[in-house]
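What Swiss-Prot records for Cys38-Cys49, Cys50-Cys63, Cys53-Cys72, Cys75-Cys90, Cys93-Cys106, Cys96-Cys114, Cys116-Cys131, Cys134-Cys147, Cys137-Cys155 is disulfide bond, and it gives sequence analysis as the kind of evidence. What Swiss-Prot records for 115-155 is repeat 'TNFR-Cys 3'. What Swiss-Prot records for Asn148 is N-linked glycosylation site. The GPI-anchor amidated cysteine annotation in Swiss-Prot covers Cys155.
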Amino acid sequence: MVTFSHVSSLSHWFLLLLLLNLFLPVIFAMPESYSFNCPDGEYQSNDVCCKTCPSGTFVKAPCKIPHTQGQCEKCHPGTFTGKDNGLHDCELCSTCDKDQNMVADCSATSDRKCECQIGLYYYDPKFPESCRPCTKCPQGIPVLQECNSTANTVCSSSVSNPRNWLFLLMLIVFCI
């Protein structure tokens, strides 16, 4: 005959087993250590540190023996890696916008380099693709620096045209 104390005891065991069933998969899925760090020049693959692949290549297959290099493969055309890495794919090469000229083509080890076309400059250094038309100095104001692909025109703040001096002189006389 099952008494109330037996049922109570069984429910405690059932509850304990239920909790274990819920938390054991979470516990075993956690990495062994949150501070698992590989030395410089290596990357983590599963629980093993592997030596990085050189620039221009990517990891086709990770190492099986710790601190050795896995299988590296050369980047495919149109892709690159600019430094030693543990990437599983190379990065896609960027494209130049319609208002830019290509300065250097993409290679396995470097991205394509673009610059603004003549008459345009980079408006925002954080976004090099943002080319804007160069400013033209007002008539009679000297140019201190010509516009180029990385900087806008710099105009002098002084007036050098004799007509402008005459205008300023007349303005002063009228004010007095």
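Note that Cβ sites are derived from N, Cα and C of the backbone, with glycine treated the same way.
Considering only the disulfide-bonded residues Cys38, Cys63, Cys72, Cys93, Cys114, Cys134 (disulfide bond) has Cys114 as its nearest partner by CA-CA distance. Of all the disulfide-bonded residues listed here (Cys96, Cys106, Cys131), Cys106 has the Cα closest to the Cα of Cys90 (disulfide bond).
Closest by Cα distance to Cys155 (disulfide bond), from the recorded positions Cys50, Cys93, Cys114, Asn148, is Asn148.
Each of the disulfide-bonded residues Cys131, Cys137 was scored by the other Cβ atoms within 10 Å of its Cβ; the lowest score goes to Cys137. Cβ-based crowding with a 10 Å cutoff singles out Cys53 as the top-ranked of the disulfide-bonded residues Cys38, Cys53. Cys75 (disulfide bond) is 19 Å away from Cys50 (disulfide bond) when you measure Cα to Cα. Residues of the repeat 'TNFR-Cys 3' (115-155) grouped by DSSP class, helix first, strand second and coil last, total 0 helix, 21 strand, 20 coil. Counting in whole angstrom, Cys93 (disulfide bond) lies 37 from Cys137 (disulfide bond) by their C-alpha atoms. Separating the Cα atoms of Cys75 (disulfide bond) and Cys53 (disulfide bond) is a whole-number distance of 11 Å.
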